Amino acid sequence: MARWNVCSYCGREFEPGTGKMFVRNDGRVLFFCSSKCEKYYFMGRNPRKLKWTKAFQEARLQRAKRK
């Protein structure tokens, strides 16, 4: 069984054969589940400020634990 990829921007898992793989000049590999994630990454948007990303949801849980 093939390994599922994890989006480098939003953290969502997606099936192999879908999405895009981007290889940076330093050799680091980035996977994107959608063109939306890819565009937001290259525009420099912070995933912790977008409610639909896993990074935002994890940060929100950490803030709730502190209170």
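Cβ from N, Cα, C; glycine included.
Per Swiss-Prot, the features are as follows:
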{"type": "BINDING", "residues": "C7, C10, C33, C37", "note": "Zn(2+) binding site"}
{"type": "ZN_FING", "residues": "7-37", "note": "zinc finger"}
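A simple Cβ count within 10 Å picks out one of the binding-site residues C7, C10, C33, C37 as the most packed, and that one is C37. For the zinc finger (7-37), DSSP puts the residue distribution at 3 helix, 10 strand, 18 coil. The residues near the Zn(2+) site, meaning same-chain residues not in C7, C10, C33, C37 whose C-beta sits within 8 angstroms of the mean position of the site's C-beta atoms, are S8, Y9, G11, R12, F14, G19, F31, F32, S34, K36, T53, in sequence order.
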